[in-house]
């Protein structure tokens, strides 16, 4: 395997730092996994391998502590309305709308679940992540979490209406324009029913996401030599494997769609759209990898949205 080759190189050339480096088939090529077998690589009988220095690395524990604890704390700061985030008269106050508290509970649960899965469920092919990548990921998660929390916990936030009437939401765009107020008027007939149904959908998607991660964890129990593609089991949440290759992304998108419906907040919908685009790219890549690796891969499956995408 390439890991054995790494160890040999390290033995003869002690300047090589194993966690910081990887092998590539050519200078600008994609990094190869340590469990790759040399004779299985599409390089012919002879090949030149390049050792790439990936720069400063961080272990996965620190990576996900930084990525996921950040959104947890930043959201709670806005929920408790720490001074200087809003007007001083709202400092350390609480919202009178139950949906604001419900949104905080759902957001906290989501990222707590991610941390638990990272520590106890997920298995990673690489033991470290480049420092430049974690900086980019933290900027994404922390920034969007603060942006969502700012509007959902804003004193002028208005939840979904309780009856058929025109609602007025005043958004004060202090981050960009200090003197511009935008008033968005819309009609809805859902109110508490909208929030309750969104909550049910959110809980189901979170349970489905967790079920898929458990299934993938068991799938990798045999190591690289026992690789096989995931199949549905007795758990109904895994039946989505009949139609898509990456139902964990399907459930993840569903959870954020339900959170958008629950809060009826435009920044949340925008964040959901960006997440969907990124997860679609990942899902398509995984789907193509399954098709290349397994000749008997089910033809009915698509990447992320059943029968569509």
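In case you wondered, yes, glycine gets a Cβ from its N, Cα and C as well.
TrEMBL lists transmembrane segment for one of the ranges 268-285, 286-303, namely 268-285. The stretch that TrEMBL tags with transmembrane segment, taken from the ranges 133-152, 153-172, 173-192, is 133-152. For the ranges 107-128, 195-216, the feature annotated in TrEMBL as transmembrane segment maps to 195-216. Taking TrEMBL as the reference, the stretch among 58-80, 81-103 described by the feature transmembrane segment is residues 58-80. Residues 99, 102, 106, 109-110, 113, 117, 121-122, 159-160, 230, 233, 235, 237-238, 240-241, 247-248, 250-252, 254-255, 257-259, 261-262 of the same chain, all 6+ positions outside the transmembrane segment (195-216), place their C-beta atoms under 8 angstroms from a C-beta of that stretch. By the count of Cβ pairs under 8 Å, the stretch nearest in packing to the transmembrane segment (268-285) among 58-80, 133-152, 237-262 is 237-262. The helix, strand and coil residue counts that DSSP assigns across the domain '3-oxo-5-alpha-steroid 4-dehydrogenase C-terminal' (183-309) are 86 helix, 8 strand, 33 coil. For the domain 'TECR-like N-terminal' (28-53), the model's pLDDT averages out at 59. The list of residues near the transmembrane segment (58-80) in space but at least 6 beyond its ends in sequence, with Cβ under 8 angstroms from a Cβ of it, reads 92, 94, 100, 104, 107-108, 111-112, 114-115, 118-119, 124, 127-129, 131, 134, 137-138, 141-142, 144-146, 148-150, 152-153. Counting residues 6+ beyond its ends, the transmembrane segment (237-262) has Cβ neighbours under 8 Å at 99, 102-103, 106-107, 110, 194-195, 197-199, 201-202, 204-209, 211-213, 215-216, 229-231, 268-269, 271-272, 275-276, 279-280, 282-283, 286-287, 290, 298, 300-307 in the same chain.
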